[in-house]
Amino acid sequence: MSDLGASVQSQRSWLPSIKDGSSSGLSDCVVSPKRRTTTVCIFILINVLNYMDRFTIAGVPENVKSYYKINDSKLGQLQTMFFVFYTIVSPIAGYLGDRWKRKCIMQIGLSFWVIITLASSFIPAHKFSLFLATRCFVGVGEASYSTLAPTILSDLFIGNARTKVLGLFYFAAPVGSGLGFIVGSEITRLTGSWQWSLRVTPVLGVLCIILLSVLHSDPPRGEAEGGSHMRTTSWWLDIKSLLSNRAFMFISCGYTCVCFVLGSLSWFAIDLIQSALNAINDDPSAWMNYNIPIVVGTLTCFAGIVGVLSGAKLGRCLRHWLPAADAYVCSASLFICAPFLFFALVSPTWNFYVCIALVFIVEFLLCVTWALVTDMTMGVVIPTRRSTASALQMVMSHALGDAISPAIVGRIAVAFTDLHSLETQYLGLQRALFLTAFVCALGGFLFLMVTLYLVKAKNDVHRAVEASQHDMTDIINRQEIEVPATPSSVCSA
C-alpha cells in the first residue's frame, strides 16, 4: 500500500503548494505519504469492526429469538431500529464534518459505540425493549465514523489511487460482515452464551480509538485535488445543490437498492438456510448439525473481497475507454445478479452445495458496486460538500434500504408462516425474500441512468476546483459555489 502516497503525490505535482484555510475549519497542513498510508490502515481496521458488530447478532438468530422469545418480525426490528438511528445521525455528522474537525467527531462517535455495545450484552431476557434501544444507540456511534471516513480518504487521494484506496476500504465491509457471522456463532459455541459475542468488538474498538487519536491527522478538504481554498456554504444551499445534482441522486437511488438487498440477505440468509434444513428433515433442531454461520460467514468474506476489489479494478481499467465505466459496471452487476438471486432463494431445498455456490455469486455481484459508488459520489460533488453528500446518501440508502428491508421481509414472512409447520416457516421467508430480486433489477436500471449524467457532473467539479485555485470571485457552475477573492489564512508549517 505504500505506493498509494507516492501515486497521489505524482498526480498532484502540477498543483501549487496548497495549505488549508481557516474556512475549512482545519488545522493540519498537507499530509505526508506515510501518514496517508497509516490513515488508510486505521480506517480499514475500524471499518472491519464496524460491520463485524452489525452482523454479530445475525450469526446467532435462533439463539437470540430463543433468549428473548421473539419471532422473525421482532428479529428484523433489531436491524431496522439500528439503521433508523444511524440514518437520523448521519446528516448531523455530515453537517459537522464539512465544518468541524472530523477526527474529533469520529473519536466521540467511536467511544459512544464501544460503551453502548458493551452495555447491550448485559440486558436480561425480559427486557427486549431495552436491548432494542441499545441497538438504536449503537447506530448513533457508528454513523459518525461511516459518514466521514470516505470523505477523508477522498481528500487524501485522487484518480485511480482514490479508486484503489476506496476498494481497500470497502473490502473491509464484507470481511467484517463475514467475521460477524463467524464470531457470533463461534463465541456462542465456546462460551455457551451469545452475549459474549457482543463483548469482542468493544475491546478491539478501544484499540482503534487509540490508534486514531495518536496516528491520524485530518487532511485539508479537497487537498488531493488542490481545492482546499474553497469555502463552505450554508447547509441549505448544500442540500439544494445535491438534490439538483442528477448524477448524485441516481447514484444514491441505485445504492439504496443495493442496501435493500444486502440488508435483507445479511439478516435472513442464515435463517433461510436453517429453516430449509429443518423443513427437509422435519426436525426443528436439524440446523444444529450444520455450521451454517461459519459457511455463510466465510463465503461473505471471500465473495466480498473478490467483489469489491474486482469492481474497483474493472472501474480503473475500463474508464480509459469508457468515461462512465463505473456506472456501467454497477448496472451490469445488478442485472446479472437478479436471476442468480432468485435461484439462490429456491435452491436450499434442492441441493445444499448449489445453494452455497449461488450465494457466493450473488454476494460477489452485489459487492462489485461498493467502492465504485463511493468513488462516483466523491467525483460528482465538490470537496466542501462531500461530508454532507455522504450523509445524505446514507439517509437515502438506509431509510429506504437496509433500515426497512429486514422489517418488511420479516413482516411478509410472518404473514405467510404457520408456526406449527416447518415447511411454511421456510416458504414464508423464501417468498418474502423474492422481493429482493425485483429491487436488484431496479438498481441496475438506476445505475444505467447514472451513465447519462456522470461525465458532465465530474467535469463540473473539476472546473470548480480549478476556478478556486485562480482566486475567482464569481459564483461558479450550476452548484453556486462561493470562491474567496484571495486565499484564506494558511496554517503554520
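Heads up, the Cβ atoms here are built off N, Cα and C, so glycines get one too.
The feature domain 'Major facilitator superfamily (MFS) profile' is assigned by TrEMBL to 39-456.
According to TrEMBL, the transmembrane segment annotation covers 78-97 (among others).
Per TrEMBL, transmembrane segment is recorded for 104-123 (among others).
Taken from TrEMBL, the feature transmembrane segment applies to 129-153 (among others).
Tertiary proximity for the transmembrane segment (165-184) is limited to same-chain residues at least six positions away from its ends with a CB under 8 Å from its CB atoms, namely 1, 4, 40, 43-45, 47-60, 149-150, 153-154, 156-157, 194, 197, 200, 266, 270, 293-294, 296-305, 307-309, 311-313, 363, 367, 370-371, 374-375. The feature transmembrane segment is assigned by TrEMBL to 165-184 (among others).
Among the features that TrEMBL reports, transmembrane segment is placed at 196-215 (among others). Within the chain carrying the transmembrane segment (196-215), a Cβ under 8 angstroms from the stretch's Cβ atoms is held by residues 35, 38-39, 42, 45-46, 49, 52-53, 56-57, 59-60, 103, 106-107, 110-111, 113-115, 117-118, 120-121, 183-184, 187-188, all 6 or more beyond its ends.
Residues annotated as transmembrane segment in TrEMBL: 247-270 (among others).
Residues 59-60, 167-168, 170-171, 173-175, 177-182, 184-186, 266, 269-270, 273-274, 277, 356, 359-361, 363-368, 370-371 of the same chain lie 6 or more positions beyond the ends of the transmembrane segment (290-309) yet place their CB under 8 Å from a CB of it. What TrEMBL lists as transmembrane segment is 290-309 (among others).
What TrEMBL lists as transmembrane segment is 321-344 (among others). Through the fold, the transmembrane segment (321-344) approaches residues 251, 254, 257-258, 261, 311, 314-315, 355, 358-359, 361-362, 365-366, 368-369, 372-373, 375-376, 434, 436-438, 440-441, 443-445, 447-448, 450-451, 454-455 of its own chain, all at least 6 residues removed from its boundaries and within a Cβ separation under 8 Å.
For the transmembrane segment (350-373), the list of distant contacts is 163, 166-167, 169-171, 173-174, 251, 254-255, 258, 261-262, 265, 269, 273, 276-277, 295-296, 299-300, 302-304, 306-308, 310-312, 314-315, 326-327, 329-330, 333-334, 336-337, 340-341, 343-344, 440, 447: same-chain residues at least six beyond its ends, Cβ to Cβ under 8 Å. Summarising the annotation, TrEMBL assigns transmembrane segment to 350-373 (among others).
For 394-414 (among others), the entry in TrEMBL reads transmembrane segment.
With a threshold of 8 Å between CB atoms, the same-chain residues lying at least 6 positions outside the transmembrane segment (434-455) that come near it are 246-247, 250-251, 253-258, 260-261, 264-265, 323-324, 326-328, 330-335, 337-339, 341-342, 345, 366, 369, 376, 380, 405, 408-409, 412. Here TrEMBL flags 434-455 (among others) as transmembrane segment.
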Considering only the recorded stretches 78-97, 129-153, 247-270, 394-414, state which has the highest number of Cβ pairs under 8 Å to the transmembrane segment (104-123). 129-153
Could you tell me the mean pLDDT the prediction assigns to the domain 'Major facilitator superfamily (MFS) profile' (39-456)? 85
Sequence-distant contacts of the transmembrane segment (78-97), meaning Cβ under 8 Å and at least 6 residues beyond its ends, amount to 54, 57-58, 64, 105, 109, 131-132, 135-140, 142-144, 146-148, 151, 235, 263, 267, 387-392, 394-395, 398-399, 402-404, 406-407
Where else in the chain does the transmembrane segment (129-153) make close Cβ contacts, counting only residues six or more beyond its ends and a cut-off under 8 Å? 39-40, 43, 46-47, 50, 53-54, 68, 77-78, 81-90, 93-94, 97, 102, 105-106, 108-114, 116-117, 119-120, 123, 162, 165-166, 169, 218-219, 221, 374, 378, 386-387, 390-391, 394
Who are the long-range neighbours of the transmembrane segment (247-270) in its own chain, taking Cβ under 8 Å and residues 6 or more past its ends? 55, 58-59, 61, 72, 75-76, 79, 83, 177, 181, 292-293, 296, 300, 327, 330-331, 334, 341, 359, 362-363, 366, 369-370, 373, 376-377, 380-381, 389, 392-393, 396-398, 400-406, 408-410, 413, 429, 432-433, 435-436, 439-440, 442-444, 446-447, 449-450, 453-454, 456-458
